[in-house]
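K.L.:
Please find one structure pasted underneath; my questions will follow.
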C-alpha cells in the first residue's frame with residue numbers, strides 16, 4: 001500500500017508535467033514524462049523513455065492521413081474488444097480481435113496480410129506464434145486451443161484434458177497461451193488456482209505449473225488460534241489468485257502476471273516454478289499483459305492506471321509511462337490497455353481494448369542508453385558498463401541504477417572509496433554492505449595496533465586514577481562535586497532510570513515513594529523523543545530501511561507519543577475498574593520509566609549500526625530485540641507493582657488495556673473519517689447557499 005500511494009503521487013506529477021509539455025496540435029511528436037523508483041522505494045520523475053509514434057486502428061491507419069485507407073489489403077472492419085497482441089520473429093503483428101471472432105495478421109507497417117479463423121473462432125482471447133510460424137489461439141468461447149499453420153490453415157484443435165489429474169470438475173476456459181522451445185503449451189485458464197495448465201505438443205496434460213501461494217494473513221492466523229473447527233469451516237476459504245497472463249523469454253523461462261499480488265504480480269519462473277525476480281521493485285497489482293524482449297527486459301501493462309512498466313531481466317524497474325486517457329484521444333494514453341508486444345527493433349506496441357487500436361512507441365536515446373548499460377551490468381561486465389552509465393548520469397544525475405552500476409565497476413577495480421560513495425547515494429544495501437566491509441577491513445589492518453594501544457592506555461589511566469583516589473584521595477574535589485550534583489532532587493529522579501535497569505521491582509516501589517516526579521518523567525519523555533529522532537536520522541540505512549530526507553518529523557514523534565499516551569489512559573481506566581492501586585500520575589511516570597532500556601540503549605545501537613555490515617546484522621537485530629523485550633518486561637512489572645496485582649491479574653489487565661487501545665484506534669479512525677465527510681457536507685451546503693444568494 002505504501003508503494004501504491006508513492007507511485008500514484010509520481011503518476012499525478014508526471015501527468016501534470018505532461019499537460020505542461022504536450023503540444024495539442026501534434027500529439028504524436030510530443031514527449032511526456034516518465035518516472036522510476038529509487039532504490040529505497042520512493043518514485044521520482046526521470047527522462048522520457050518512450051515517445052508515441054502513431055496509432056493503428058481497425059482501418060489500417062498508422063499515424064497517417066486518409067490516403068492510407070486506400071492502400072491494398074487494409075482492414076475493412078474495426079477492431080472489436082481486442083484482447084491480445086503478439087509479434088513473431090519476422091516482426092509481424094497478430095491481434096486477437098475478440099469481438100469479431102478472428103485473428104488479424106499484419107505486417108510491420110500495420111497492413112493486413114490475412115484474417116485467420118473467421119467463422120471458426122468464437123472468442124479468441126490469447127495467442128502465440130512459434131519459430132515455425134504456427135499460430136496457437138486460446139479460444140475462450142469454444143473452450144479449446146486452435147492451432148494454425150503459417151498459411152492460416154487450421155491443423156489441430158485441443159480441448160479439455162482428459163487426465164484425472166487435471167480435475168474432473170475444473171472447467172477448461174483458456175484465456176492466454178504461450179509455448180516453450182520444446183513445444184509444450186502453457187495456458188492461463190479462468191479460475192484455475194493451481195496455476196498454468198501445461199500440455200504436451202500432443203495435448204496431453206503434464207500438470208499445473210507456477211501456481212501462486214497464499215501469503216501470511218494475520219487475521220486468518222488469529223482465527224485459527226481462537227476459532228473452533230466448526231467456525232473455521234463456516235468461513236470462506238482463502239485461495240490464491242490464478243494467473244492472468246503468461247509469456248516466454250528467449251531463454252525458455254516462463255513469465256506470469258497475476259492481478260492482486262502486488263509486489264509479486266510478475267514472476268519469472270524456473271523449471272521448478274520458483275520466482276527468480278527480485279521483489280523490491282514496485283509492481284502493479286493490476287497488470288493485464290506482459291511480454292519479454294530478446295534482451296530479457298520485461299514490459300507490462302497496467303489495466304487500471306493505463307501505465308506501461310519496463311523492468312530489466314532482474315526485475316528492477318527502469319521506467320514507467322503512460323496513463324489513463326481523459327477523453328481527448330491523446331496518443332500515449334489509454335482507456336483499457338489489454339496487450340503489449342515489442343518487435344526486434346525495440347518498437348513497443350500497446351493494444352487498447354476499449355479504443356480498438358494499437359499504439360506504437362519508440363524508445364528515446366535515453367532509454368536505449370539505459371538498456372545498453374543494463375545489459376552489460378547484468379551480464380557481469382561492470383567495467384564495460386562504466387562509460388554507458390556515466391552517459392546515463394549526464395542525462396539524469398539521480399538515476400539510482402546508474403549509480404549502482406558505476407559503484408560495482410569501481411568495486412571490481414578495487415576503488416572501494418569511490419564505490420562506497422556511489423552505492424551509498426543509490427542506497428543499494430547489499431553492495432554497499434560489501435563495499436563497506438572492504439573499507440573497514442582495510443582500515444583495521446592499518447590502525448588495529450594503534451586502536452589497541454589507545455584502549456589499553458585508557459584502561460591503564462582509569463585503573464591508576466582509581467587507585468590514586470582510594471589511597472591518596474586524588475581528584476576528590478571532582479568526585480565530591482559529582483556526588484553533590486547527583487543528590488539534587490531532580491537529577492536524582494532522572495538518574496532513577498538507571499535504577500530501573502538494575503532493580504526494576506525496587507525501582508517501581510521507590511517510584512511511588514517519591515523517587516520520581518511528573519516533572520522528571522516529562523523530561524525523560526522529551527529525552528525519549530530526542531532518542532527517537534536520533535535513531536531515525538542516524539541509524540544506518542542497512543538496518544533502518546528509510547531515507548531520512550523522506551521522513552516526517554511529526555509522524556515519527558506521533559509514532560512514539562500516540563501509542564504511549566493511549567497505553568497510559570487505557571491502563572489507568574482499566575485499573576480503576578479492576579481495583580488497581582495506582583494513580584494516574586503513577587501510571588504516567590511508570591510507563592515512561594518502563595522505556596528506560598530504549599532511553600539508554602537507543603543512541604548506542606544507532607551509533608553501532610554505522611559500524612556494521614549486513615553480515616553482522618544479527619548483532620544489531622538481537623540487540624534491538626533484547627531492548628524491546630526488556631521494555632515489555634518493565635511494562636509488565638509496572639502494572640504489577642504500581643497496581644498491586646498478582647501475575648494472573650497483571651496479564652489480564654495488560655490484555656484488556658491492549659484491547660482498549662485497539663477500540664480507541666477504531667473510534668479515532670471512524671471519527672476522523674466521518675469528520676472529513678461532515679466537513680465536506682457543510683462546505684457544499686455553504687457553497688450552495690452562497691451561490692443561491
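Any Cβ shown, glycine's included, is placed from N, Cα and C.
Bear in mind that TrEMBL entries carry predicted annotations, made automatically and left uncurated.
Annotations for this protein, taken from TrEMBL, read as follows:
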SIGNAL    1-30  signal peptide
REPEAT    119-151  repeat 'NHL'
REPEAT    334-364  repeat 'NHL'
TRANSMEM  443-465  transmembrane segment
DOMAIN    499-668  domain 'Yip1'
TRANSMEM  557-578  transmembrane segment
TRANSMEM  590-610  transmembrane segment
TRANSMEM  622-639  transmembrane segment
TRANSMEM  651-674  transmembrane segment
K.L.:
Grab the pLDDT values for the repeat 'NHL' (119-151) and give me their mean, rounded.
P.N.:
94
K.L.:
Residues of the same chain, at least six outside the transmembrane segment (651-674), with any C-beta under 8 angstroms of its C-beta?
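P.N.:
563, 566-567, 569-571, 573-575, 578, 580, 635-636, 639, 643, 645.
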K.L.:
Please work out the helix, strand and coil residue numbers for the repeat 'NHL' (119-151) from the DSSP assignment.
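P.N.:
Going through the repeat 'NHL' (119-151) residue by residue, I get 0 helix, 16 strand, 17 coil.
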K.L.:
When DSSP states are grouped into helix, strand and coil, how many residues of the repeat 'NHL' (334-364) land in each?
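P.N.:
Grouping H, G, I as helix and E, B as strand yields 0 helix, 19 strand, 12 coil.
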